[in-house]
Amino acid sequence: MFSRRGFLGTAALVSASAVSGRVQAASIPEAAHMDKAVMQPPLHPISGPDYHPVVTLNGWTLPFRMNGDWKEFHLVAEPVVREFAEGMKVNLWGYNGQSPGPTIEAVEGDKVRIFVTNRLPEYTTVHWHGMIIPSGMDGVGGLTQPHIEPGKTFVYEFEMKKSGTFMYHPHSDEMVQMAMGMMGMVVVHPRDPNFRPVDRDFVFVMSTHRVDPGTYLPRVNEMTDFNMWTWNARVFPGIDPLPVRLGDKVRVRIGNLSMTNHPIHLHGHSFAVTCTDGGWIPESAQYPETTTDVPVGAVRVFDVLADNPGDWAFHCHKSHHTMNAMGHDMRNMIGVSRKDLAKAVGKLAPDAMVMGQSGMAMGNMEMPAPDNTLPMMSGAGQFGPIEMGGMFTVMKIREGLARDDYRDPGPYQFPQGTVAYEVAPPAAEPARQPASPAHKMKM
Ligand SMILES: [Cu+2]
């Protein structure tokens, strides 16, 4: 939950429309702070125009205060400790206690004033990716503003000219600062609440990190060989499920500030990409998909009608991105005789373990690992191990969830007779025969 300081930020200051000298003297709003990597309930607006708020996977929305007709937010750039999943914590840089930073929500036409305080050991800026704003508010250090030195607070002021889904991140030593986790999402709701409304609205940003087993700090110079593929700086089984009520219209907003593209796939449904960080896609240009590629430095938003109850995998389709820390330079041992190989390897390295001769399924295997290291794949389902890590979670579509109830509804109760099942084994290997000419394709 929010700290007490955070609550004051939302509630106590909402009527500060008259700017007195005293308010001026204390004009920087309090900065809310989050101490957990758990999805917080949607933050309904208590002032300004109404909207249906988003929820952030393993995250939260930054509270604001009204000051006259300005919406005021306060971001604090600072070192944070982020739990990627139970059993692994990483020292990152982020905002207001977590990485990624909180989601900023506003409404088309809002005037916003965003205070940014730098508590990092080096300078920073904030760039508002995709937003149509004056050049001097664009946050490119050196080009459009001086860098924000440690200990300083800068203010960004602009109007939210268009609705949509955007991102924020530094444009100041950005290779280091983004590898350290400095990023967040901005959602600008349409002024007209009847424009493409949905019942549930999820948002997250993807990042990648190289955190060697047993260590606590990303290697910021890594360019390609990452081992932590995260949604909102979490990996499976640490990523929140997406609980959805059967029949809900669902929106999922996905930002990508990693170093590669991610083809994001949802099972059991087809969806349409309805918005990018460039704006809303006209209905006439939408088409059905089950996977959408999210390029680097881009946002893809899809809308889906959740009309198929169940537990539906939702993941990046690059299979290495649904794994946690692993080496990528192992040889393929499938089909290699373990006996012969173990004998040969044993001469050279008596303690070596020969693995992988029948694949690498790990369901019943525990590998010793250093502290602060997650298994390559883990997670428990009602039928056994879920051999996934990284960018994987589950959309849980259920009948009868309450509006705005985002609690994990638990495993799906499959109706009888709807689960794939085993048949009695045949006495002998089933007979097989070559395809007869009659089976050959007619040309
Ligand atoms: Cu991926």
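Every residue gets a Cβ built from N, Cα and C, even glycine.
Record features, source TrEMBL:
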DOMAIN    83-192  domain 'Plastocyanin-like'
DOMAIN    216-331  domain 'Plastocyanin-like'
SIGNAL    1-25  signal peptide
DSSP helix/strand/coil residue counts for the domain 'Plastocyanin-like' (216-331): 7 helix, 51 strand, 58 coil
DSSP residue counts for the domain 'Plastocyanin-like' (83-192), split into helix, strand and coil: 9 helix, 51 strand, 50 coil
PLDDT averaged over the residues of the domain 'Plastocyanin-like' (83-192): 97
